[in-house]
Amino acid sequence: MTSLLFLVLISVCWAEPHPDNSSLEHERIIHIQEENGPRLLVVAEQAKIFSQRGGNVTLPCKFYHEHTSTAGSGTHKIRVKWTKLTSDYLKEVDVFVAMGHHRKSYGKYQGRVFLRESSENDASLIITNIMLEDYGRYKCEVIEGLEDDTAVVALNLEGVVFPYSPRLGRYNLNFHEAQQACLDQDSIIASFDQLYEAWRSGLDWCNAGWLSDGSVQYPITKPREPCGGKNTVPGVRNYGFWDKERSRYDVFCFTSNFNGRFYYLIHPTKLTYDEAVQACLKDGAQIAKVGQIFAAWKLLGYDRCDAGWLADGSVRYPISRPRKRCSPNEAAVRFVGFPDKKHKLYGVYCFRAYN
């Protein structure tokens, strides 16, 4: 019997970008794994990196060929692309791309991100002047010829999670309003991971709030009726995913270090809200935001037993050393409420940013 040998040829079209073409993001890559030769490997030496707002950080990423110490074959240009994964993992946001001498950064990362390039196989990304929104997971992708591989690095920020509801009261925010409410208070909407870490650190809160992935949850360390249910285990209770337009809950916000001074303004008299705003301005500052009082309390140990106005019209005071008449049972940012702004009953907390 005559044996027939069929040879199937697969043709791959490859177009090198024109040297003057800076639109690197539009280049179409066809990914095919070569059967022969060393395989391209991309490695992140650390899966998690910790930093804080205003700092600089390096997200590690290196690439190798399996069973060799070489960085590349030398026959193809190497393309490095960094993207940020959204909290629901449904999208990737472009951060930075490099190929040859071409470099391009995107959106709010422009002017703040660079490749470290400490060696020929170093694709690590440097992020400067870290913002709250930089928190999250980043993907490093390296492409050489027909090969590609990826690694994921998580950027975590030191900070504090706090529950927030507006003057209108409990359960009055849809998802988009919740996002804006956090931004207005010098913070961002918290992720599940951030809320989980806050719960592990003792956060106990009985009102459900939005998280960045669109879920609604709340942390319970001391289960009770009607907070998590009597005779149940502690944990982060999950209400699931709700309509982002019509469903209304509170929100959990996250903030980190600030570049400035938070302080209680010494003033001869108590102030109305409008007088409080003007008093801070006269002192070369602005009335402080809720995120700033939580950051000062949690990260700097700020302690003051005087209730003061904040920018959202609420009145609060931070206690890091519990004592008689000053939050005797626990360290906390105490919430007085949203009093009538014409009441001349409180002081004010101010914030002066450093240039």
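The backbone N, Cα and C atoms fix where each Cβ goes, and this holds for glycine too.
Straight from Swiss-Prot, the features:
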type	residues	note
DISULFID	Cys61-Cys140	disulfide bond
DISULFID	Cys182-Cys253	disulfide bond
DISULFID	Cys206-Cys227	disulfide bond
DISULFID	Cys280-Cys350	disulfide bond
DISULFID	Cys305-Cys326	disulfide bond
DOMAIN	38-156	domain 'Ig-like V-type'
DOMAIN	160-255	domain 'Link 1'
DOMAIN	260-352	domain 'Link 2'
CARBOHYD	Asn21	N-linked glycosylation site
CARBOHYD	Asn56	N-linked glycosylation site
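The separation of Cys253 (disulfide bond) from Cys206 (disulfide bond), Cα to Cα, is 15 Å. Mapped onto three states, the DSSP output places Cys350 (disulfide bond) in strand. When secondary structure is read from DSSP and collapsed to three states, Cys61 (disulfide bond) falls in the coil class. A count of other CB atoms within 10 A of each Cβ picks out Cys182 as the most crowded of the disulfide-bonded residues Cys182, Cys305. Closest in space to Cys227 (disulfide bond), of the disulfide-bonded residues given as Cys61, Cys182, Cys305, Cys350, is Cys182, taking the CA atom of each residue. Secondary structure at Cys280 (disulfide bond), taken from DSSP and collapsed to helix, strand or coil, is helix. Taking Cα separation as the measure, Cys253 (disulfide bond) is nearest to Cys350 of the disulfide-bonded residues Cys61, Cys305, Cys326, Cys350.
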